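Let me begin by presenting the structure, written as C-alpha cells, before commenting on it.
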Amino acid sequence: MASLGGDNSQAEGAEVRHVPVLIAEVIDALKPAPGAVIVDGTFGAGGYTRRILETGADVIAIDRDPTAIEAGRAMEKEFPGRLNLVESRFSALDEAVARMSGAGKKVDGVVLDIGVSSMQIDEAERGFSFQKDGPLDMRMSSGGPSAADAVNRLKTGDLARIFNFLGEERHAGRIARMIEKRRAAKPFTRTLDLANAIETLVGRNPKDRIHPATRVFQALRVYVNDELGELARALLAAERILKPGGRLVVVTFHSLEDRMVKRFFADRAGGSAGSRHMPETHMRLPSFTPAVKGAVGPTPEEEERNPRARSAKLRAGIRTENPPLEDDLSLFGLPKLPETNELARS
C-alpha cells in the first residue's frame, strides 16, 4: 500500500498524495532484475509496483481492496503481460502466486508495505479518517464487521484492551467507558461523532502533534482488518514461496508491526531451539540471512519532502537454501482479542 505512516499521518503532510515511502531503499534491498518475478503484497496506489516494473521485473500485485485493484487496471494495460493484479488478502500471497504461476512456483522477491493507504484515508466514505465525516467503517474490503460494529457491540473491557494494545492509547479505559455510556443512548455511526467524543473526553493540548482520536482510530482499523494476524501469516507465506537468494522487504510505520518483523527475522536466523528456562533440543538451520543491517529509516530529505515517511522502518532478509521453519504464530506475541467473526454474529 502507499502507506500513510505514523500516528500523525492525517495531521501532517496532507498535501502529499500516494507517495511511495522509502522507494529508493526498497528497490536497493529488493534488487529486482529483468525477468525476475516480484510479489507486491500490498499494491495500494501501485507506487512500489511501478518502480519494480520499470526495472524490467514482472510483478504479481495483491490487494484486498477492490477499489485499488480496479484503479490498477490502467497500469496493467501499460505493462502488458508483466503485471498481474490479484484481489486477495496478502496473508494468502502464496495462494495468489500458485493461482497466477502454478503450484510450487517460487518467486524472486516479496515486498510488503504495512498500513492503510493514502487512497483509503482520502476517501471519507471509507470511514478511516477522523478529520472527515463518513460512516464508521474502516474495512479494507467489503466483508466482515465494521468499526461501528466493534464500537457498539464489544464489551467495555475488550474495547479497552484493543485501544491499549493495538493503539497504545494511555486513556484506553476512560475512552472505552465513555463509549459504553454514550452508545447506550445513541450508537456511534459516523467518524466525526466518535472523534469529537474522544476529543471532548481527553482534551487537546495545542502543542500536541496528533489528534486525541488518532490511536483509537488506529486500533479499530487494525482490529477490524486483523492487520497483525495478516502480517504474521504473510511473513510465513513469503518464507514458503521465495527462491533461495530471494528477498523479503517489509516497510512498517508503527512499533507493533516493526517488533513483529524484527522478531520474525531474528527467529528465522536459526540457532538452537529452547530458552534459558528449557534445555536446547536441536539446532535450527536459518531460513533467512540479513539483507540490511537492522532497520533502515528515511533520509532527512525524504522526511522534509514527505512527513508521512518519518516513522517508516524497513527490514529485509535473504532466503537461504534451507527449508522453511515451522509455522508458529506464537512467535509474534499476538494478544488474545475477540474474534471479529464472533462480533459479526452478535
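Backbone N, Cα and C define each Cβ position, glycine as well.
Marked as S-adenosyl-L-methionine binding site by Swiss-Prot on the basis of sequence analysis: Gly46, Gly47, Tyr48, Asp63, Phe90, Asp113, Gln120. Here Swiss-Prot flags 270-346 as region 'Disordered'.
Features as recorded by Swiss-Prot, highlighted on the structure.
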residue : record                               : Cβ neighbours (10 Å)
Gly46   : S-adenosyl-L-methionine binding site : 27
Gly47   : S-adenosyl-L-methionine binding site : 22
Tyr48   : S-adenosyl-L-methionine binding site : 31
Asp63   : S-adenosyl-L-methionine binding site : 28
Phe90   : S-adenosyl-L-methionine binding site : 26
Asp113  : S-adenosyl-L-methionine binding site : 27
